[in-house]
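Structure first, then comments.
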Amino acid sequence: MTLTPVAPLPEHEVRVRAPGKINLSLRVGPPDEDGYHALSTVFQAVSVFEEVVATPSDVFELTVSGPQSEVVPTDEGNLALRAARLLAERVGIDAGVHLHLVKDVPVAGGMAGGSADAAAALVACDSLWRTGLGREELVELAAALGSDVPFSLTGHTAVGSGRGHLLTPALTRGEFHWAFAVQHRGLSTAAVYREFDALHQGRHVPEPDPEDDVPLMQALRAGDARALGAVLHNDLQDAALSLDPGLVEPLAVAQDAGALGVVVSGSGPTVAALARSRQHALVLAAAFTAAGVADRVLTAAGPVAGARVVSATD
Ligand code: C5P
C-alpha cells in the first residue's frame, strides 16, 4: 500500500522589512543625568534592509542569517526579542514567537540595524497577534526600546530631537545615492558617546541647534545632492575616528573618487559617501574595494519607507 503524502498546512507567517539609516546631520549636546545626550539629527532611511519573519511559537526564540549573522546575539538581550516581549506584555498576550532575522544592514555599523530589527519585530508581532494597537502606540513602544527605533518604524527623512526619538518628517525631492564602506570590526554606540564626552571634557558643549541644519533642509527640499554633500555633518565623527583611526582611509578614498560628501554614519564605523548618481555610487563602491579600505561595500538609495509588512499568510 502506498501512502499519499499530505501537504503540510501553511504556517501563519508574517514577513516585515525595515531599512537601515544614515544621519545626514548629527549634532550632539551635553549629556543629561542618565548619560543620554540631547540630539538634533536628520535621519534618512536607505535601501539596505533587514527582514524579520515571525511565526507562532510557545516560547520567544530567534534565529539569524545573512552577513555577520554569527556575531549577532540570539539571547534575551537581542533587541528584536525584547521588542516582541514588550509588545506581548503591553497587550497582555500569552504567546511566544519565533523570529528569524535576515540581516543585511551592517552589524554595530552606525546604521541602526538592531533598531531596524526591533521595529520590524514590533510590526511583525503586531500583525501576527492582531493587537489592534495604533501607529502611535507602536512608536511609544519603539522609543522605550532605543533612540533610533522610532525612526526605523517611520523611515523616509526626518528631523530627530530629544534623544533622537522625537521625529518631525522632512520634505525631500528625488532620490539620493550612497556608497558605504562597511567594517566588520563594529563600534559600540555607548563607547563612541563616552569618547565624545572624553574629547569634550572641560569644554562647554552647547545644546544642539536645529537652525544649524537650515542649509541641509534646503538642499533636501531642492533635491540638490551637491548642496547636500557640502553640509553633511557628524559631531560623533571625531570620537569614532579616535577609537578607530583607520577610518580616515575610507573617508579619503571617497573624497578622491569624487564623492559629493562623505561622513561617518551615526556612531560608525560605516563610512557613507554621497554619489552624483546610481552609477557614481557603484564607482565609489569600486574605489573602496580597490583601495582595500572596507570589509564589505554596499550601495543604496534614499529615502525609503520604514518598517512594513511585505507578506503575511493566514
Ligand atoms: O538608545 P540606544 O540604546 O540606541 O543608545 C545606545 C547608547 O548610546 C546609550 O546607552 C547611550 O550610552 C548612548 N546614547 C546617548 N545619547 C543618545 C543616544 C544614545 O548617549 N541620544
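Positions of Cβ are set from backbone N, Cα and C atoms, glycine also.
Fair warning: this is a prediction, and the values are worked out from it, not measured in the lab.
Now, the feature entries from TrEMBL:
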type	residues	note
ACT_SITE	Lys21	active site
DOMAIN	78-155	domain 'GHMP kinase N-terminal'
BINDING	Pro106, Val107, Ala108, Gly109, Gly110, Met111, Ala112, Gly113, Gly114, Ser115, Ala116	ATP binding site
ACT_SITE	Asp148	active site
DOMAIN	216-292	domain 'GHMP kinase C-terminal'
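Sequence features annotated in TrEMBL and their locations in the structure.
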residue: Lys21; record: active site; Cβ contacts under 8 Å, 6 or more apart: Phe43, Gln44, Ala45, Val46, Met111, Ala112, Ser115, Ala116, Asp148, Phe151, Ser152, Gly266
residue: Pro106; record: ATP binding site; Cβ contacts under 8 Å, 6 or more apart: Gly20, Pro67, Gln68, Gly113, Phe180, Val182, Gln183, Gly186, Thr270, Arg296, Leu298
residue: Ala108; record: ATP binding site; Cβ contacts under 8 Å, 6 or more apart: Val71, Gly114, Gly186, Leu187, Ser188
residue: Gly110; record: ATP binding site; Cβ contacts under 8 Å, 6 or more apart: Leu187, Thr189, Ala240, Val264, Ser265, Gly266, Ser267, Gly268, Pro269, Thr270
Which of Ala112, Ala116, all binding-site residues, has a Cβ with the fewest other Cβ atoms inside 10 Å: Ala112
Sequence-ordered binding-site residues from Pro106, Ala108, Gly110, Ala112, Ala116 with Cβ under 6 Å of an atom of ligand 1: none
Per-state residue totals over the domain 'GHMP kinase N-terminal' (78-155) - DSSP helix, strand, coil: 46 helix, 8 strand, 24 coil
Chain-mates of Pro106, Val107, Ala108, Gly109, Gly110, Met111, Ala112, Gly113, Gly114, Ser115, Ala116 with C-beta within 8 Å of site centroid, ATP: Gly20, Val105, Gly266
Secondary structure content of the domain 'GHMP kinase C-terminal' (216-292), with strand meaning DSSP E or B: 47 helix, 11 strand, 19 coil
Cβ neighbour count (within 10 Å, all chains shown) around Gly114 (ATP binding site): 26
Asp148 (active site), number of other Cβ atoms within 10 Å: 28
The domain 'GHMP kinase N-terminal' (78-155) [mean pLDDT, rounded to integer]: 97
